[in-house]
Amino acid sequence: AATRSSINWHLKENARDHHTSKFSSKELIVRRGQAFIISFNGTEQPEQNLIFIAETGPKPSKLSKTQATFGISSTVSKDSWSAVLQSTSSSSVSISISSPPDAVIGRYKLSVQSTLSGTSSPASLGTFVLLFNPWSSGDDVFMHNKAECEEYVLEEFGIIFAGNKNRISSFGWNFGQFQGDILNICLSMLDRSLNYRQDPATDVSHRNDPKYLGRVLSAMVNANDDQGVLLGNWSGNYEGGKSPSSWTGSGEILQNWKKSGFKPVRYGQCWVFAAVLTTVLRCLGIPTRTITNFSSAHDADGNLRVDEFYDASGNHLDRAADSIWNFHVWNESWFSRSDLGPSYGGWQVLDATPQEESGGIYQCGPASRNAIKEGDVDLDYDCPFVFAEVNADCMYWNYDLTTGKKTLIFSKSTTIGQFISTKAVGRDDRVDITNDYKYEEGSKKERDIFKKARKKLGLEDKFDPTAPTPQETDQKPDISGKFKVDGLLEVGKDLNLILILANLQSDAKAVNVNMTAWSTVYTRRPIHEIWKDSISVTLSPKEEKQFPIKIPYTEYQQQLTTDNTIQVTALCHVEGGIQVLVQRDITLDNPAIDIKVPGEAKVNEEVDVEVIFTNPIETEVTNCVLQVEGNDLLRGILEIGVPPLKAREKSSMKFKLIPFETGPKHLLVNFSCDKFADIKAFKMVNVID
């Protein structure tokens, strides 16, 4: 008697009510803690006798909350699954089903049976997917502000900030969390985690908890430990894969991972890990955004101090586990922290870039942002590492390669963690959130918090043999120096700088200056030496002198990495005084590329697009490729081969799109050739009926 034919899932109405209309699925996708309607034909007995069973995971059980059995009741239950009769007619019955706000998320099987049918087995109605619900006040991920829900869950386009603290740049990214098969890939990601492999039933029973899923997914997005999505590579050589800076969206990465039989995709760097994690978490309904921290510390040994070493010639030595990255990108996700208490809820830091192990595997977070700001580094998870990323002190050392002796050049407590940035809600602007991570740099409160953190980590009382002596830290330099940029910072142009040295004393100083320039990756890891020089100068009392430096394009062109970054260093040996280190990290801008959409964009009609690039250099560029993507504007990724461009030649690349949805859409392009890597641009296209 329990056979049910032709169930109607009311896909359109349910999707509208549950903010899941953007998914292009034939399966019902709903959010927890909220009712959805189904109806089906043919019931011989009174509806009061129906019993529903919703179950998920490999071993559904009531105890682990992965199975629920519920009959028809007159009202919705707050904390369990329930069904309420909506309407009934001679041929069909319509029922409203509600899940509790802390239900396990994932794919469920729904079946029904009749109490009158004795022992007959339940009839399957099919499957549906249950997600987190930031619109529901009972959910751990609830967000009051609807505009923020729109941005951090429903927005498929993002802007990621990069460059360095002197020159912040940005590029667009297609998160694409609602496209094609992405939801299924995200669900299979959960089933490939180490936790699931060790104990599937327990893992699934924890999938009601955003902090659990955030931590598991921060491990799954990198390939370390678990054959996760992306293999990291910071070598500057990306053979055998795609260079990290060439991606324009997460979709291609996630689809490649699935297509290859879940082999890690080559290659990722921090913003790629963060962007993919954003896609996965937004897809599952956890509000998430990408965060860029400039001058970001990677404190490998947990002493809230980052050590950098230079040889006598001023070469930055790649010998420390610690490093200071020009920028680092991580995630913030929004949820409450029942484990820590109400004041630690809100934004939580998650980081999928494999930097240090946590609990034996490469995962990081969730670390409460409030805990970071207040120096509560003893709270779960990974607060000391995140605290160091934005607060560590820097020590710069001179390292003698023959004797192994190291001498402190200087230390600084205000370098790390600057211009912490994220995209504005509903706009393409940068918002600075540095004050949400720490009190004002140099203020008493900020230093007190730093001391509190050191104390909690047991660093106060412990003798640290690697720390500089008070004599070393108290020494004052006789001269000061800085590099000033003279002219444009563009790939293809000579790099012009001015080294400015000033004598701070009232007697003359003899100075030997050793200068080097290296190409680096954005983590400031030196890759190739580009240039070196040395000068000897005498500075009169209180005198300031300027020394122009020119590094021709022809000298750096071969050595440049896809990050376009160069580190310039001058190590000044002052007679009778301490050494002075002058350094500057330079990020060169790529030439511009322009997207033009001359006509109106109408749904299901061809629209012309033109992409314009002018070769700015005096030599021909070859191997030119244009990559184009954009949700609802084209399916997949369009790749266009472009003929070589002669010196100074302008190229106009034309193609057509047929948009298939209305509304504001983003078109992203990436142009590469043998002399310029990954020139990116995006354009908003408003598609009308």
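Cβ from N, Cα, C; glycine included.
Predicted-model confidence for the domain 'Transglutaminase-like' (262-354) is 96, expressed as mean pLDDT. According to TrEMBL, the domain 'Transglutaminase-like' annotation covers 262-354.
Counting Cβ atoms from all protein chains shown, Cys270 (active site) has 28 others lying within 10 Å of its own Cβ. Residues or ranges marked as active site in TrEMBL: Cys270 (among others).
In sequence order, Cys270, Thr292, Asn293, Ser296, His298, Thr353, Glu389 are the residues near His328 (active site), counting only same-chain partners six or more apart with C-beta under 8 A. Sequence annotations record features per position, and here TrEMBL assigns active site to His328 (among others).
The active site annotation in TrEMBL covers Asp351 (among others).
The Cβ of Asp393 (Ca(2+) binding site) has Leu304, Arg305, Val306, Ser411, Lys412, Ser413, Ile416 as same-chain neighbours under 8 Å, each 6 or more residues away in sequence. What TrEMBL lists as Ca(2+) binding site is Asn391, Asp393, Glu441, Glu446.
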Should one count Cβ atoms within 10 Å of each candidate's Cβ, the binding-site residues Asn391, Glu441, Glu446 would be headed by Asn391
As a whole number of Å, the Cα atom of Asn391 (Ca(2+) binding site) is distant from the Cα atom of Asp351 (active site) by 17
Integer Å value for the Cα distance linking Glu446 (Ca(2+) binding site) with Asp351 (active site) is 24
Rounded Cα distance in angstrom between Asp351 (active site) and Glu441 (Ca(2+) binding site) is 24
